[in-house]
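Peer 1: Could you have a look at this structure, given as structure tokens, before my questions?
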Amino acid sequence: MKTTAAVLFEAGKPFELMELDLDGPGPGEVLVKYTAAGLCHSDLHLTDGDLPPRFPIVGGHEGSGVIEEVGAGVTRVKPGDHVVCSFIPNCGTCRYCCTGRQNLCDMGATILEGCMPDGSFRFHSQGTDFGAMCMLGTFAERATVSQHSVVKVDDWLPLETAVLVGCGVPSGWGTAVNAGNLRAGDTAVIYGVGGLGINAVQGATAAGCKYVVVVDPVAFKRETALKFGATHAFADAASAAAKVDELTWGQGADAALILVGTVDDEVVSAATAVIGKGGTVVITGLADPAKLTVHVSGTDLTLHEKTIKGSLFGSCNPQYDIVRLLRLYDAGQLMLDELVTTTYNLEQVNQGYQDLRDGKNIRGVIVH
């Protein structure tokens, strides 16, 4: 079959729309007709060269849609089911899935290669194999993916909104609730309140934090964060640190969450300094893997028992937490509709990312 997709051929170039050949589902695979795709900053790391994938690759790793066809042996979904895609597949049988760390599933090893777990590809054109970002390629009308990459959701939920819980919402919310282990009465500092960080605000608020202090240079994002539950907002880290010192009587924050678009050593150092004894720094944002971004005093960590840790997918369980977050939304306890700043069609994908670069969007969504 044929499908239109937004393809990246090399770093530094825009996405190109083209028609590709798409294989139908094999054993354990499903054909998804995508309804919506989120414009996440992680795809910008491909275009900027920070995360070098195998080119060419169909972009997009935040998606929702309807199952059109299933291959042999598929048990998780059936044709007609509404699904949200998880950018980390979860097999349920590897060491990490079996010990409750489904976000680290071994099937995620090829997410930048864009191939299926057996090394084969489902997108092709004129003899060339095209990868799919995170084995999903949601910047396409249709895709064939593993059944382990989709999560069935209630069919009365709007897929254009549900798409957000495939990456940005759990990554941010879980950074606060799971990785940050925030509790009632805590003080949290959040660096970067875009598509991920704004959901860390929601997570910290849901956890019962007394103070949620955000840092972002973009005024629009700071204003939005205050509407989502932040108690204080600052354009720079130094001003935020001074306020935290005042609010906590010099004790420091309980957790500092780093969700900026590109992590550097400056923000990591600021986060490590703003937490108090026994505090935790969680790094969820990405950077060029070849660059060292953690330069802190080991003595400070030892004497004050501070922790610096990373978090992938908000340390969530995709099969459980995607459904849980949508139920919170359905109950009016999680804001999703308010996250969508602008909707685009597939032809506008590059404009959507330019708007993201310009700080105009909390979250842009492509509606297929």
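Here the Cβ of each residue, glycine as well, is placed from N, Cα and C on the backbone.
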Peer 1: Among C105, C115, C167, find me the residue Swiss-Prot lists at the same Zn(2+) 1 site as C40, H61.
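Peer 2: Same Zn(2+) 1 site in Swiss-Prot: C167.
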Peer 1: Within 10 Å of the Cβ of C94 (Zn(2+) 2 binding site), how many other Cβ atoms can you find? Include all protein chains, please.
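Peer 2: There are 16 of them.
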Peer 1: Cβ neighbours within 10 Å, counted over all protein chains: which one of the binding-site residues C97, C105, C167 has the most?
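Peer 2: Of the binding-site residues C97, C105, C167, the highest Cβ count within 10 Å belongs to C167.
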Peer 1: Where C91 (Zn(2+) 2 binding site) and C167 (Zn(2+) 1 binding site) are concerned, what is their Cα separation in Å, rounded?
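Peer 2: Between the alpha carbons of C91 (Zn(2+) 2 binding site) and C167 (Zn(2+) 1 binding site) there are 18 Å.
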Peer 1: Out of C94, C97, C105, point to the one nearest H61 (Zn(2+) 1 binding site) in space (Cα versus Cα); all of them are binding-site residues in the record.
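Peer 2: So, spelling it out, the nearest of the binding-site residues is C105.
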Peer 1: Within 10 Å of each Cβ, count the other Cβ atoms and name the one among the binding-site residues C40, C91 with the highest count.
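Peer 2: The residue with the densest Cβ neighbourhood is C40.
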Peer 1: DSSP on C97 (Zn(2+) 2 binding site), three-state: which is it?
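Peer 2: It is helical.
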